[in-house]
Amino acid sequence: MGKKRIYELAKEINVASKDILETANKKGYDLKNHMATIDDNQEKTLRAAFQTKATPAASKPATPAAPKASEKSESGKIKINKTAIRRRPEADKKPAQHSNNRPQANANRNGQASNGQNRTNNARPNNNSARPNNSRPNTNSRPNNNSQNRSTSANHPMSLQEQISQANARRQRTQERIQQQREQREADEKKRREQANRPRPTRNNASNNRPSNGKPTNGARPTTNSPRPTVTKDGRPLGSSRPNNNNSARPNTTNNRPTNSRPATTPSRPVSAQEMQQKMQANTVSASKPASNNTASKPKNFGPDKKRGGGYNSYGNSQQRFNKKRKKTRKQQLAEQNAAKKEMPQRKERPLPEVLVFSEGMNVADIAKKIHREPAEIIKKLFMLGIMVNMNQSLDKDTIELLATDYGIEAEQKVEVDIADIDSVFETEAKSDANLVSRPPVVTIMGHVDHGKTTLLDNLRNSHVTDGEAGGITQHIGAYQTKLNDRLITFLDTPGHAAFTNMRARGADITDIIILVVAADDGVMPQTIEAINHAKAAKAPIIVAVNKIDKPGANPDHVMEQLMGYGLVPEDWGGDTIFVKISAKTGENIDDLLEMVLLEADVLELKANRDQKAVGTVIEARLDKGKGPVASLLVQQGTLRIGDPIVVGNTFGRVRVMTNDRGRRVKEVFPSEPVEITGLNDVPQAADRFVVFEDEKTARAAGEERAKRALLKERSRSNPVTLDNLFETMKQGELKEVGVIIKADVQGSTEALAGSLRKIEVEGVRVNIIHEAVGAINESDVTLAAASNAIIIGFNVRPTPQAKIQADAEQVDIRLHRIIYKAIEEIEAAMKGMLEPVYEEKVTGQLTVRETYNVSKIGTIAGCIVDTGVIRRDSGVRLIRDSIVIYEGKLSSLKRFKDDVKEVKTGFECGVTIEDYNDIKIDDQIEAYVMEEVPVK
């Protein structure tokens, strides 16, 4: 059990914290304030000390022992008063009787003591003037000594001094009231003696149950025959407070009236609930018998009462209805109180954990579940520690540790694992060395364009795969399996064009062995060198296949000499690189090549664990019209099964259908086997890694988090304008843009085309790739192109009929290509066409002014001779005087003799006028030129 604080103990034993601190300090405990903690032994000691003090005080109200010497004899009344208040529920259990002489149950219900007199209604004194007339129902047994204490609230806790002072005040009021009652009784006795000789009215006792002016009648009516009895100062009929003892027609009320001459100072014994109930039953019986006789002789007084002012006494009727309702309620209360109360189920107290494992940012509700406590209790504890929180508010590390210390348990922060970091999971799973078994080698075929890579793979498939196999060789990266000597080999085919550099790099990363295909008639080419660099970067062994040895002019030795310059020395020449001379077209030496591959695989000792979760790499991805996103995967570790939750790059899903390289559906895929899967939520990027998770919920969370991070990373690429790059930004703003939307059949082609377009360099124009995706050209692509004024390039895809109609309507240019060269050339031409034309000045001829003529309305006409070249009608001219350009403008007219001509050649004379210029002099030189457009380089 944990330690307890002083304020908590004070609440439990209902003692002030200050008193507990004083007692604890007297006992030698070093406690500073109410927040100090105590152990179990100290708690027991303090509880015992305060229980010892509280025992006498608690027993005072119930003990009828003699009062102390310091108290008066009235102290017994104080105790009775307190006892009566505390026994209020027992008093409520008594049956309610509608009779003339109700006992003191009402007095107890109002929180007042009976004072040991058991006074009935017939002995009611006349001092109730402070009580409002219409405030009580039709009960004639209400005692008169509760007018002073009706508003006293006995349910509020008071201190002992306050209780003593209130008791003294009540005792003083009681003595004064008793003295008044004595005087009133003496006066009443005197009046009754005078009235004893007078005749009684005929209506004897019929109005016992009817109120008069809102006050219950006590059975004593005036003997005069007047319609209204005389009224005393307090509004009560004179003489109605006590019955006439000499009247033989009235019931024997003296049996129920106790003597009121008992001294007030006599201490009375507390009345138990059983005694009070017996007295109530006795009074009810004694009052009900005479009442039945009286009512039998005379009907009840319903209807209008002439003596009471006429009309129906609705007040009495409503009070009777109220009494019935209240009587029914009391019965129900009695039944409910007597019924066995069902015990509330107790909350099972679960023990606190030894260690609270938390993560930063947990709220109160989370902590409550971990430590098996109510959130309200934790909020209260934090409040006492000076921390205001609500149930859903996140808590920091210090607050959680402080709370754990207060509960007496240790706090340990949970190590957070980034589920979105699948690269770390991939590396961990890939390095697993348990349950290792042999796996097929993964071989990548690389080389320059048209050196025979696809032909070689086609020959391998046709030679070692059953006839009638579905599918064929594609132009994209693809994975296929072939068998030799009952051993599988997985081949990856990569494009050889320069635009597919990323594809070749991906193939080199996931491969075990690289076959470099070099044409014997072509030699080493740029993509051959690039493939060598990829292989060296991946640290994969290279097997050189010298192809096309069947062609005339083939020189394999020249190829071997060239490759020695790149570090590939043949084994025959003392190196460690395997060279195989093959012909992919005829199939020559193909089996030798496969045997070399298996030999190299044996040297590498390739193994994998089939029992773990599958991890691998995306070879290619595309969007199929019927299947949705389709990804070609290469499993590198573990076993991939249908239904596995999987995260592929920034996408996630559950494996629905798996198809192998032959087009057949499979249920599980082992390491080094290629497979096509469906069931992803989006098309992943090629070369993305995939990891299988335990459940779909975790996979979904990881995939969504990765997609979110990728989006944020994409947005952060836009460089904000700063003072450092302001000039560059302004220059870029002056550039023209060619908007392009790329749609291709596979993800790798999309990347290759986008990368090639970005490399086009035309001064003043740049390519802006607005969108690149996999799949057919649809209406949303056309809408985006129309909004951004872009060109749509489709690579091995076609537009849908709706997209084609929409493109024609919105005049969107869609260009479809199957060869990447043509797509690049077309975009380059479009970029050059966006540039403003550049013009270059070309001088066509020179003239010398021989004579000038001034003609009105025309201006000055210059008679010239063409010295060199040709002068045309649309030429621009410069007027040069003393080697200084005086004017530059256009010709207004060009004539030979009187005829307008288009041009005048060297040696001929002509007349010219210059537009808007007349200051021409003899011997001036006129230079003619034209502006010619310069083609964009």
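Numbering starts at 1 and runs along the chain as displayed.
Glycine is treated like the rest: Cβ placed from N, Cα and C.
Cross-referencing 391-394, 547-550, 611-614, 635-638 with Swiss-Prot places the feature region 'G4' at 547-550. The feature region 'G2', as given by Swiss-Prot for the ranges 467-471, 472-476, 892-896, sits at 472-476. Feature annotation (Swiss-Prot): of 41-44, 493-496, 661-664, the stretch labelled region 'G3' is 493-496. Feature region 'G1', per Swiss-Prot, maps to range 447-454 of the set 447-454, 551-558. Residue counts for the region 'G1' (447-454) by DSSP state, with H, G and I taken as helix and E and B as strand, are 2 helix, 1 strand, 5 coil. Averaged across the region 'G3' (493-496), the predicted model reaches a pLDDT of 59. Within the compositional bias 'Basic and acidic residues' (173-197), the DSSP-based counts of helix, strand and coil residues read 23 helix, 0 strand, 2 coil. Secondary structure of the region 'G4' (547-550), assigned with DSSP and counted as helix (H, G, I), strand (E, B) and coil, comes to 0 helix, 1 strand, 3 coil.
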